[in-house]
Amino acid sequence: MGLCKCPKRKVTNLFCFEHRVNVCEHCLVANHAKCIVQSYLQWLQDSDYNPNCRLCNTPLASRETTRLVCYDLFHWACINERAAQLPRNTAPAGYQCPSCNGPIFPPANLAGPVASALREKLATVNWARAGLGLPLIDEVISPEPEPLNSSDFSDWSSFNATTTSVQEERASTPSAPAFYSQAPRPPPSPSRPEQHTVIHMGSTEALAHAPRKVYDTRDDDRTAGIHGDCDDDKYRRRPALGWLAQLLRSRAGSRKRPLTLLQRAGLLLLLGLLGFLALLALMSRLGRAAADSDPNLDPLMNPHIRVGPS
């Protein structure tokens with residue numbers, strides 16, 4: 001169990017594998033929609049994670065994702081295509097998670113940000129509306145934009161030649177006379193960005209296992225307190241009296257204001273009173289011990305006291 005760092009400060013068992021922080025369901029939907037999130041116990045058992053979709057083996061951040069009630073994350077297009085291949089008379093229990101075989105449809109009595117977001121997403125397709133008990137709708141298929149590929153340009157030499165000829169024409173064009181004032185060109189509109197061709201020459205094997213991202217949310221200028229722990233020595237065995245050494249170190253390092261005359265007098269009076277009470281207790285104990293061993297105080301040794309039948 002851990003405490004989420006959001007303003008709600010809720011106790012949660014969920015742990016973000018990428019940012020390495022405890023998250024509640026509200027932060028999970030709002031800020032960690034494409035992160036691998038599971039229980040903290042699973043993080044302790046195995047901290048490795050796969051940032052790719054388990055259905056298409058492509059990075060989860062590349063397309064729109066959806067999170068099931070078991071907190072497994074997939075591409076929405078992959079889940080939709082997989083469920084659309086099932087027969088129309090499939091029961092709601094037949095739609096299962098590809099990873100853990102859990103139910104895709106959230107239970108009716110389950111309330112929470114993750115379940116609500118999943119219901120809103122499932123309500124956009126007919127196969128899920130039938131499982132949720134909603135009337136069917138006319139689906140509008142919106143094709144996803146295909147990324148540009150370097151293979152679209154078959155002859156790069158012609159492309160370079162065209163670019164060179166355009167630059168030569170611009171250089172050969174005479175500049176306008178100085179007495180003609182040219183209006184400044186307006187900046188390009190942000191709504192219509194220029195299209196560029198992006199060529200990725202790296203291999204796709206590096207995307208299968210991405211390194212863990214570490215985001216340290218602690219301030220550098222803030223010194224670690226008594227309970228401060230970093231990730232390196234978080235699970236290291238500590239000595240039995242380590243807390244006492246840290247406490248003494250923190251007490252010795254902090255500056256104290258000098259005591260005033262009244263405070264000194266009160267402290268001396270308190271110490272004197274404690275010493276007087278200790279002296280009284282000691283003298284009382286010693287006096288009782290002396291009285292117990294005194295024969296004059298023993299009733300059996302007194303000749304005027306007769307014990308027994310008369």
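Using the three backbone atoms N, Cα and C, a Cβ is placed for every residue, glycine included.
Feature zinc finger, per Swiss-Prot, maps to range 53-101 of the set 53-101, 249-297. Confidence for the zinc finger (1-43), expressed as mean pLDDT, is 86.
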